[in-house]
Amino acid sequence: MNGGTIEAPTIEYALLAPMLLVFGAAVVGVLIEAFAPRYLRKSIHVPLTLLALAGAFLLTILQAVREGVPTTPAAMGAVAVDGPALFIWAIILVLAFVSTLLINDDEQFVAQAAAVPGSSDEEDAVRHGYAQTEVYPLLLFSVGGMLLFPAANDLLVMFVALEVLSLPLYLLCGLARRRRLLSQEASVKYFLLGSFSSAFFLYGMALVYGYAGSIDLRAISSSLGTVVGQDTLLYVGMAMLGVGLLFKIGAAPFQAWKPDVYQGAPTAVTALMASTVLVAAFGAVLRVFWVALGNLDWDWRPVMWGVAILTMVVGAILAITQTEIKRMLAYSSIAHAGFLLTGVIATGGAEQNKEALSALLFYLVAYGFTTVGAFAVVTMVRDAGGEAGHLSRWAGLGKRAPLLAGIFAFFLLAFAGIPLTSGFFGKYAVFAAAVAADALPLVVVGVVTSAIAAFFYVRVIVLMFFSEPAADGPSIAVPTVGTSAVVTLAAAATVVLGVFPEPVLNLADQAASALFIR
Amino acid sequence: MTTHYLVLSALLFAIGGAGVLIRRNAIVVFMCVELMLNACNLAFVTFARQHGNLDGQLIAFFVMVVAAAEVVIGLAIIVMIFRTRRSASVDNANLLKY
Amino acid sequence: MQSPAEIVPHSGGVIGVSWLMIALPLLGAAILLLGGRRTNKWGHFLGVAMSLGAFVVAVLSFMELLGLDPDQRRRGFELFEFIPGMVNLGMLIDPLSISFALLITGVGSLIHIYSVGYMSHDRDRRRFFAYLNLFVAAMLLLVLSDNYVGLFIGWEGVGLASYLLIGFWQHKPSAATAAQKAFIVNRVGDFGLLIGIFTIWTTFGSLAFGDLTHEVTGQASQGTLTAIGLLLLLGACGKSAQLPLQSWLLDAMEGPTPVSALIHAATMVTAGVYLVVRSGAFFEAAPTAQLVVTIVGVATLLAGAIIGCAKDDIKKGLAGSTMSQIGYMMLGAGLGPAGYAFAIGHLITHGFFKANMFLGAGSVMHAMNDEVDMRRYGALFPVMKITAVTFIVGYLAIIGFPLLSGYYTKEGIIETAMHHNAILGWLAVLGAGLTGFYMSRMVFMTFFGKKRWADDAHPHESPAVMTWPLIILAIGSIGLGAFLVLGNRFMTFLSPAVGLPADVPEPHVFGVGPAALATLALVAAGAAFAWFRYGAAQVPALAPRGSFLTTFARRDLYGDALNEALLMRPGQWLTRIAVFFDNRGVDGLVNGLAAGIGGTSGRLRRVQTGYVRSYALSILFGAAAVVGALLYVGNI
Amino acid sequence: MPWLSILMAVPVLGAVGVALLPKGSDKLAKQLALAVSLVVLALTVAMAVQFSPNGNRFQFEEKYAWIPSFGVHYGVAVDGIALVLIALSAILVPIVVLASWHDAEGATRLDLKSEAVPPKRSAKTYFALLLVLEAMMIGVFAATDIFLFYVFFEAMLIPMYFMIGSYGGVQRSYAAVKFLLYSLFGGLLMLVAVIALYVVAEKNTFMFPELVGAIQDPTTQKWLFAGFFIAFAIKAPLWPFHTWLPDAAAQAPAGAAVLLVGVLDKVGTYGMLRFCLELFPDASKFFTPLVIVLSVVGIIYGAIVAIGQTDMKRLIAYTSISHFGFIAMGVFAMTQNAQSGATLYMVNHGFSTGALFLVAGFLIYRRGSAQIADYGGVQSVAPLLAGAFLIAGLSGLSLPGLAPFVSEFMVLIGTYERYAVPAIIGATGVILAAIYILWMYKRTMNGPTAEPVKGFTDLNGREKWVVAPLIAMIVALGFFPKPLLDVINPAVDQTLTNAQVTDKQPVSTVAEKKGAGQ
């Protein structure tokens with residue numbers, strides 16, 4: 001864009017179709033809230049949401065197979081729908097679909113957010129069986145943001161996407177049906193810290209813009225080295241961009257929000273955040289540090305090393321002493337973010353190491369499914385006050401519900417990276433890539449922390465199987481069709497990816513071989 | 001010439017950040033965040049001027065819109081928690097810890 | 001001097017099936033152990049039959065051997081491949097091994113028969129015979145194998161049998177302990193033997209006796225040979241209760257008396273002598289080792305004799321004398337080919353008269369309802385004549401009464417020793433004197449003097465099944481020595497196996513020359529002194545405190561005290577320390593590490609205060625850190 | 001005919017079958033498990049007879065691409081060493097099934113509520129786990145693809161972890177966690193080495209035969225060796241990595257303990273022999289002194305600590321530590337005799353320790369305590385039981401005529417050929433062995449019969465069937481080890497060739513003289 005004349009932009013609608021579909025559905029959802037009678041809303045929302053996500057998924061696949069992978073950014077270089085982007089879209093859409101099945105559960109969300117907890121209003125709301133159906137459009141908006149986030153080929157779009165994906169989540173976090181105080185607190189914390197960090201992102205963006213004179217990733221990358229005497233601008237900007245992104249993936253020292261939010265938020269939303277958001281965020285990280293700053297990798301890599309190590313260590317060590325299941329899973333997700341970061345480091349800079357990229361993508365798939373599954377199980381273990389979060393309540397679960405406990409144990413083993421689970425191949429792929437990229441020390445730290453991390457997964461298994469059940473142990477909620485479907489799917493994915501990872505690995509390879517377009 | 005504006009924006013950003021850290025009232029904290037965003041806007045406009053292209057100014061508009069959206073969400077959340085706790089102090093909300 | 005003959009590959013004939021000697025008793029043991037209670041009724045007969053069967057095979061093989069001309073008398077053949085590339089199990093039938101086989105199966109069978117009577121009241125008689133058969137099989141494997149590994153298998157096999165039989169009355173803690181002690185002390189010896197075998201293998205690349213001829217051993221360095229010799233000697237000391245590994249033998253008397261007779265007098269304990277003689281090729285090439293053997297022998301023969309002087313327990317007394325007599329054999333074995341013949345000869349005669357006396361002692365105990373304290377005996381001659389007479393024959397044989405078995409063989413050893421090294425010779429003579437004393441003491445205390453019986457004792461002669469073996473053994477004790485020694489009969493028979501000595505001393509009917517006369521004189525003196533002390537005089541029913549020397553002897557020369565102070569106590573401490581170190585040290589480190597991580601985690605959690613402002617602060621610091629780092633990295 | 005795959009498939013299917021049995025059909029489960037394990041045994045025998053000792057090194061080869069992207073194959077085959085170890089597993093499992101008949105029934109089966117007896121658990125699960133474990137044990141020895149080996153190496157931990165954790169003694173969960181984490185830690189270090197091996201070798205395959213000799217650079221070799229070796233040393237376990245074993249073995253039910261010490265730990269020594277030596281010959285030579293020292297320390301240390309134990313199963317565990325010292329010493333002595341001996345030792349030790357643990361298990365089943373002090377005079381009331389215990393014990397102190405003697409003799413003599421002093425020190429182990437075995441025997445079996453022991457019944461039919469085959473094997477192999485050695489020797493030759501070492505020749509001429517004869 002050079003001042004003066006403004007020509008009409010060209011938009012490749014076909015390419016952007018999945019996104020547009022999701023956003024459109026979201027808008028429709030808002031209209032439904034506005035006009036549909038309350039008793040109808042849910043029954044319209046659910047199919048709408050599911051269809052929208054499924055449709056978007058199909059469109060993505062179609063895009064990948066029919067059109068082939070485009071080699072130039074779309075929408076005037078604002079959005080880059082390339083191999084990795086498509087792959088990430090597919091993951092996000094599937095996981096979002098799965099999470100939606102979880103969200104479709106009256107026990108998850110508050111009857112009426114406006115009603116003060118414990119007030120008579122709330123009782124009425126509950127009695128009338130109200131439901132906060134705004135959840136669905138919010139979800140769709142957020143997912144839309146997630147789709148745009150990793151595909152953004154220009155910092156502004158990325159910022160907007162960041163906000164679009166975050167803002168609905170802030171709200172969703174506050175809508176838990178039980179323990180509303182915790183939920184609301186989580187919401188506030190997430191919101192304040194989130195906006196705080198996005199301010200950093202924005203300022204970084206400003207500085208980079210100041211350096212490069214453009215916010216287009218390609219332009220930035222091509223401007224590197226051409227501008228003299230402005231390096232400080234660049235480095236500080238790069239750092240602040242990094243802060244914004246690392247916050248989203250919950251890397252230390254920006255992880256503080258994760259445990260609190262994961263614990264407070266409705267479990268279904270936690271599942272969504274733990275899986276899809278992580279995927280989207282890593283997509284964005286890769287794009288920024290690769291497409292835009294690829295040529296500076298010798299500068300940012302050491303810092304990334306530090307962050308990765310710190311993240312792995314903090315995640316693993318802090319998790320050991322957790323007593324709340326969701327909180328523990330939050331820390332575990334921090335640790336996994338650390339492992340993923342080793343993958344990011346392995347992808348390196350401009351030379352675009354595709355093995356590492358595909359490894360990373362595979363890891364995201366494997367981890368995403370397992371996480372959703374794990375949280376799905378968490379939603380099913382309940383007692384009087386809602387979900388039985390405290391670990392002590394899980395004692396002897398293996399006796400009361402062998403199958404469920406077994407599946408959960410299996411998920412935990414997958415987190416721990418035991419062979420014949422998807423987690424193992426994820427870890428293996430990433431570590432292998434890292435070793436190939438001369439990041440051996442990082443890998444050693446990785447395995448040591450995984451050994452530490454294994455401890456708390458094992459601890460839960462001990463609780464569930466080896467200790468005698470508590471007298472007033474939690475009951476196992478009869479799962480909704482959705483929930484059981486989620487658990488089954490996740491378990492199946494974990495097994496299949498653990499035994500025959502080849503197909504998905506191939507997909508990831510193809511996606512990676514196209515690489516990020518610049 | 002534009003340096004002063006940059007310094008100013010940096011100062012604003014710092015003030016905002018400091019505010020987030022030291023103020024207790026959620027609203028004020030949130031306002032500080034807004035201040036940081038606006039500091040960014042100033043920076044963008046300045047750089048736009050420096051580079052002689054419009055991107056920066058354009059971005060500023062986008063940021064304002066986003067900020068507005070954030071305000072909506074933020075106020076909603078803060079009001080929600082205020083109604084429950086009868087206080088908007090961020091320090092009261094610390095049930096989730098360790 | 002002529003070295004042993006080559007081993008001739010053999011096939012066919014009785015010797016071809018000589019493995020039956022091992023197989024039969026082994027089969028017997030297997031049947032009796034696996035058969036369980038079913039075999040209780042006839043088990044002991046089966047045991048006897050198997051032993052006798054082995055004896056028959058032995059005799060036949062012996063005949064067949066005699067049929068061959070002397071340099072053809074070493075017959076060997078392979079049974080099966082044991083460790084491919086290292087060693088095959090095979091038989092070696094030569095004069096040496098066959099003499100042992102005859103002794104083992106012959107005396108063994110007699111003792112089997114005796115035991116039928118002796119153990120008739122024991123509810124576990126079947127098991128007893130199973131163990132006896134097991135022992136016979138193992139012992140035969142020991143002496144008949146044509147290599148060191150087979151020998152070692154038999155070696156530990158007899159150890160096992162002895163363990164089982166000493167502890168036969170395992171419900172008695174003393175018996176269990178004695179058995180355990182015997183096995184462990186033997187293991188110390190076996191350790192030496194093992195290392196010896198290793199050295200032989202690594203030095204010569206073979207473990208078969210046939211390969212390890214004088215020419216072969218000659219090639220190795222003196223140091224190696226001495227080492228091998230001493231290591232083998234260590235093994236021999238363990239098995240034959242020679243100093244310093246003698247301590248187990250006296251405790252071993254906890255076993256039933258037939259066991260003491262067969263294993264701890266006649267056969268097993270002499271395996272050490274067999275080993276030394278069999279390994280002549282090494283010892284003869286290593287004079288130092290030989291010297292040590294003789295020294296050990298002499299030391300033990302004196303020690304045994306001294307112990308024997310002080311024991312009131314008849315079996316322990318006999319055990320002491322066994323030690324001492326084996327000392328003599330060891331001495332002989334250390335003197336090279338010249339000594340071998342006498343050593344083995346004495347071994348065989350000793351097998352007879354010592355077995356004879358042990359069984360006699362058993363008969364006495366049988367009569368005195370298992371009283372072993374000689375101070376409670378006395379004047380038993382009239383009531384149990386056969387036992388007494390046979391016992392006395394054995395007694396005369398062991399003290400070397402002219403013309404009886406012991407006289408010739410022991411005399412031969414002393415002569416050779418004298419001829420070889422005067423000091424050793426005179427010490428041996430002194431030992432003979434002591435023998436005269438303590439054996440006479442035993443006889444007088446048991447069969448003569450006044451009654452000192454317990455009130456409920458009603459002594460009576462034992463049944464025929466027990467007395468007949470005594471009689472046969474007694475006959476052996478009388479004539480065997482003369483038969484073997486006169487005309488160098490045994491020496492010439494043995495020489496193909498061990499090599500003929502350079503200078504064969506002329507055997508004589510009566511002791512001529514200083515040594516022989518001195519021996520006779522000393523023995524007579526000792527006997528007289530014994531009579532004066534225990535025959536004529538009144539023997540107190542309770543042992544008097546006695547002089548320092550007596551206590552010294554009674555306490556087995558403080559051997560146990562020494563072991564306890566030097567090995568047991570430190571060992572126990574070491575164990576305790578090791579266990580503690582393992583729990584606190586090694587494991588402590590592991591658990592400590594885990595606890596450390598846990599602690600860190602517990603403390604680190606506290607950072608998560610729950611105050612959103614502190615989170616923001618951490619973000620800010622983090623951001624500052626990242627910015628700083630990037631600027632730093634960027635500007636280098 | 002894909003023998004090895006069948007050998008693995010049968011128990012897995014059996015496990016599924018057992019697991020799917022309806023609730024309460026424990027008896028049927030036991031019978032089915034027994035049947036399946038016997039079928040496996042039959043198949044193993046059928047395979048073993050077709051093995052031609054002097055044919056190719058690896059026989060019954062199967063190789064299919066599993067994960068091409070990682071260069072991973074499903075590659076299985078056996079050489080003599082693997083064959084005998086597979087045979088060992090196949091023989092032990094039916095025996096263990098038979099021995100564990102009542103292990104799952106817990107304290108309910110006895111009126112005495114004792115610490116050593118765990119509460120009742122599902123027998124079905126126990127036997128299903130047992131069969132899964134069998135499949136993995138076969139797989140780990142059969143794998144010719146290093147990645148596949150690693151997968152089994154790690155996956156094996158899980159069933160054993162559950163067997164210890166849910167069916168073990170009073171401290172079972174502590175023991176189980178310790179076992180799992182300790183082994184997992186080693187395994188993860190090995191993972192790094194595996195990855196590095198793949199990356200450095202640049203062969204794009206994990207097939208063992210192709211990787212032999214792939215690593216030339218000595219420094220690299222040393223690092224990779226370390227990675228593999230530590231894992232194996234923990235598994236074996238070698239001093240000072242042994243402390244998990246006494247806990248695990250003492251807490252595990254007797255049957256599981258047998259498989260743990262008898263087979264699982266062999267994977268460690270097997271790995272040293274197969275992978276450390278052949279993949280990293282130079283490094284192996286470099287580290288030999290260290291390993292020999294560790295082994296010797298282990299021999300003596302294990303024996304001494306064993307003497308000081310008051311708990312039967314702990315005592316047996318420590319004796320095994322001593323024995324593993326022998327095996328490792330034999331492996332690294334690098335002589336024909338020592339390595340054949342070590343391999344034979346792995347098999348014999350399986351039988352003798354197996355017998356010891358099982359008979360000890362029978363005692364504990366009767367008395368409800370593993371404390372040696374709680375026994376005394378058993379021989380008078382249960383002679384057969386005592387006899388079995390004695391024979392097992394004697395084989396434990398490697399009495400000539402019983403199987404372990406041959407192997408111990410070969411190991412020592414083979415070591416002596418190269419390293420006289422360690423061999424001599426190691427040989428003192430035979431004295432210590434006599435002490436710990438006989439002393440335990442005396443305290444439990446001899447002397448006056450203790451009051452609680454009076455009621456002991458002698459071995460019943462089932463128990464006889466458990467003990468008989470073991471003792472038969474021990475005696476048979478004690479006098480006729482040739483069949484095994486004929487299978488083992490060629491494989492060991494190959495190993496030594498790949499490890500680039502040759503035997504030392506004795507000084508004298510005897511060897512040449514009878515060279516033909518031997």
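The backbone N, Cα and C atoms fix where each Cβ goes, and this holds for glycine too.
What TrEMBL says about a protein is an automatic prediction, not a curated fact.
Marked as transmembrane segment by TrEMBL: D:6-25 (among others). Listed by sequence, the residues of this chain that lie at least six past the ends of the transmembrane segment (D:6-25) yet keep a Cβ under 8 A from its Cβ atoms are 32-33, 35-37, 39-40, 43-44, 47, 76, 86, 90, 93, 124-125, 127-132, 134-135, 138-139, 142.
Sequence-distant contacts of the transmembrane segment (D:32-52) (same chain, six or more residues past either end, CB-CB distance under 8 Å): 3-4, 6-7, 10-11, 13-14, 17-18, 21, 59-60, 78, 80, 83, 86-87, 90-91, 93-94, 97-98, 127-128, 130-131, 134, 138, 487. Among the features that TrEMBL reports, transmembrane segment is placed at D:32-52 (among others).
Packing against the transmembrane segment (D:72-102) from elsewhere in the chain are residues 4-5, 7-8, 11, 30, 33-34, 37-38, 40-41, 43-45, 48, 51, 53, 57-66, 109, 126-127, 130-131, 134, 137-139, 141-145, 147-148, 205-208, 253-256, 258-259, 262-263, 266, 270, 273-274, 343-344, 346-347, 350-351, 354, 358, 361, 365, 462-463, 465-466, 469-470, 473, 484, 487-492, 494-495: each is 6 or more residues past its ends and has a CB under 8 Å from a CB in it. The feature transmembrane segment is assigned by TrEMBL to D:72-102 (among others).
For D:123-141 (among others), the entry in TrEMBL reads transmembrane segment. Sequence-distant contacts of the transmembrane segment (D:123-141), counting only residues of its own chain at least 6 positions beyond either end whose CB sits under 8 Å from a CB of the stretch, comprise 4, 7-12, 14-16, 18-19, 21, 25-26, 29-30, 32-33, 36-37, 40, 76, 78, 82, 85-86, 89-90, 93, 96-97, 100, 103-105, 148-149, 152-153, 155-156, 159-160, 162-163, 166-167, 255, 259, 263-264, 267, 270.
Marked as domain 'NADH:quinone oxidoreductase/Mrp antiporter transmembrane' by TrEMBL: D:143-422.
Residues or ranges marked as transmembrane segment in TrEMBL: D:147-167 (among others).
Sequence annotations record features per position, and here TrEMBL assigns transmembrane segment to D:179-201 (among others).
Marked as transmembrane segment by TrEMBL: D:221-241 (among others).
Taken from TrEMBL, the feature transmembrane segment applies to D:287-308 (among others).
Long-range contacts of the transmembrane segment (D:315-334) within the same chain: residues 233, 236-239, 242, 245-246, 248-250, 257, 261, 265, 268-269, 272-273, 277, 284-285, 288, 291-292, 294-303, 305-306, 309, 341-342, 345-346, 349, 353, 356-357, 360, 372, 396, 404, 407-408, 410-412, 414-415, 417-419, 422-423, 426, 429, 432-433, 436-437, 440, 496, 499, 501, each at least 6 residues beyond the stretch ends and with a Cβ under 8 Å from a Cβ of the stretch. TrEMBL lists D:315-334 (among others) with the feature transmembrane segment.
Within its own chain, the transmembrane segment (D:346-365) is flanked in space by residues 84-85, 87-88, 92, 95-96, 99, 102-103, 110, 116-117, 249, 253-255, 257-258, 261-263, 266, 269-270, 312-313, 316, 319-320, 323, 327, 375, 378, 385, 388-389, 391-393, 395-396, 402-404, 406-407, 444, 459, 463, 466-467, 470-471, 473-474, 477, 484, which lie at least six positions past its ends and keep a Cβ under 8 Å from the stretch. Feature annotation from TrEMBL assigns transmembrane segment to D:346-365 (among others).
Counting residues 6+ beyond its ends, the transmembrane segment (D:377-399) has Cβ neighbours under 8 Å at 316, 319, 348, 351-353, 355-356, 359-360, 362-363, 405, 407-409, 430, 433-434, 437-438, 440-441, 444-450, 453-459, 463-464, 467, 470-471, 474, 478 in the same chain. The feature transmembrane segment is assigned by TrEMBL to D:377-399 (among others).
Sequence-distant contacts of the transmembrane segment (D:419-441) (same chain, at least 6 residues past either end, Cβ-Cβ under 8 Å): 292-293, 295-296, 299-300, 303-304, 306-307, 309, 312, 315, 318-319, 322, 325-326, 329, 333, 372, 389-390, 393-394, 396-398, 408, 412-413. Taken from TrEMBL, the feature transmembrane segment applies to D:419-441 (among others).
For the transmembrane segment (D:179-201), same-chain residues at least 6 beyond its ends with a Cβ under 8 Å from one of its own Cβ atoms are 70-71, 146-147, 150, 153-154, 157-158, 160-161, 164, 211, 214-215, 217, 220, 223-224, 226-228, 230-235, 241, 244, 247-248, 279. Below 8 angstroms of C-beta separation, residues 222, 225-226, 229, 233, 238-240, 242, 315, 318-326, 328-329, 332-334, 415, 419, 422, 425-426, 428-429, 432-433, 435-436, 439 of the same chain, each at least six residues beyond the ends of the transmembrane segment (D:287-308), sit close to that stretch.
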